[in-house]
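Listed in Swiss-Prot for this protein:
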type	residues	note
REGION	1-22	region 'Required for Lys-133 sumoylation'
MOD_RES	ARG3	asymmetric dimethylarginine
CROSSLNK	LYS102	SUMO2 cross-link
CROSSLNK	LYS133	SUMO cross-link
CROSSLNK	LYS133	SUMO2 cross-link
CROSSLNK	LYS144	SUMO2 cross-link
REGION	171-199	region 'Disordered'
MOD_RES	THR179	phosphothreonine
CARBOHYD	SER180	O-linked glycosylation site
CARBOHYD	SER181	O-linked glycosylation site
MOD_RES	THR188	phosphothreonine
CROSSLNK	LYS211	SUMO2 cross-link
CROSSLNK	LYS213	SUMO2 cross-link
MOD_RES	THR217	phosphothreonine
DOMAIN	222-285	domain 'bZIP'
REGION	226-246	region 'Basic motif'
CROSSLNK	LYS283	SUMO2 cross-link
Amino acid sequence: MHRLLAWDAACLPPPPAAFRPMEVANFYYEPDCLAYGAKAARAAPRAPAAEPAIGEHERAIDFSPYLEPLAPAADFAAPAPAHHDFLSDLFADDYGAKPSKKPADYGYVSLGRAGAKAAPPACFPPPPPAALKAEPGFEPADCKRADDAPAMAAGFPFALRAYLGYQATPSGSSGSLSTSSSSSPPGTPSPADAKAAPAACFAGPPAAPAKAKAKKTVDKLSDEYKMRRERNNIAVRKSRDKAKMRNLETQHKVLELTAENERLQKKVEQLSRELSTLRNLFKQLPEPLLASAGHC
């Protein structure tokens with residue numbers, strides 16, 4: 001961690017035109033912000049500037065070459081290269097003439113690292129370009145014809161590599177994906193599935209049925225054939241006799257039920273006649289007799 005002491009103006013970017021530096025409680029990093037270790041030699045003290053508006057740790061800088069890079073300048077013999085900027089010039093001005101030891105290779109970014117030859121001599125070199133991740137290609141899992149099988153077999157090693165990149169288990173069966181996220185692409189089918197896919201999608205012509213068993217030639221004049229026919233005839237006659245018996249029993253049952261129904265109907269008619277006779281008798285009796293009979 002840096003120490004909050006004083007910030008060197010050489011490490012600051014050029015301020016805008018309407019910007020005035022803020023000095024609150026004098027919290028600046030000390031001038032050794034470009035030091036390579038914790039015990040680096042501090043920069044030599046500078047003479048105070050003539051103008052009273054500039055602070056102790058600041059100095060007057062001519063911004064005209066940087067604000068107008070295309071304008072001709074009398075102080076510069078040739079225009080500065082494109083890769084040089086304001087901070088790089090300040091860095092070269094402050095530390096270019098002083099001999100320094102080889103900086104220690106720490107984890108944080110070293111502002112004056114001697115090994116970074118490709119980066120411009122600025123306080124903060126640009127970060128290296130990020131490596132591009134190449135995603136494996138995926139082929140559509142559509143069913144192909146049987147004549148495309150040689151082409152599929154030719155491209156099988158690449159499909160297998162892409163498949164192994166997304167399959168969690170290196171088995172022949174289709175395993176689970178490496179991540180459960182729904183944004184990850186589906187895995188390539190396994191070799192067994194790829195071989196079985198054409199057969200599942202295109203069944204092709206139906207397989208020829210197995211050759212029927214050759215019919216055994218039977219000699220109708222043989223005793224075995226005659227015995228079989230006789231047994232079949234006996235079984236047919238028995239079944240017919242049973243059917244006739246069931247029909248006769250059903251007819252007999254129907255006749256019995258019909259006779260019972262007629263008998264009951266006759267009984268109902270007789271009772272109806274008796275009821276009507278009794279009603280007529282009660283109508284012919286006198287009322288006083290009926291009243292006395294009711295009290296009894």
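Quick reminder: no glycine exception, Cβ is built from N, Cα and C everywhere.
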Intrachain C-beta neighbours of THR217 (phosphothreonine), sequence separation six or more, cut-off 8 angstroms: none
Integer average pLDDT (0 to 100) for the region 'Required for Lys-133 sumoylation' (1-22): 53
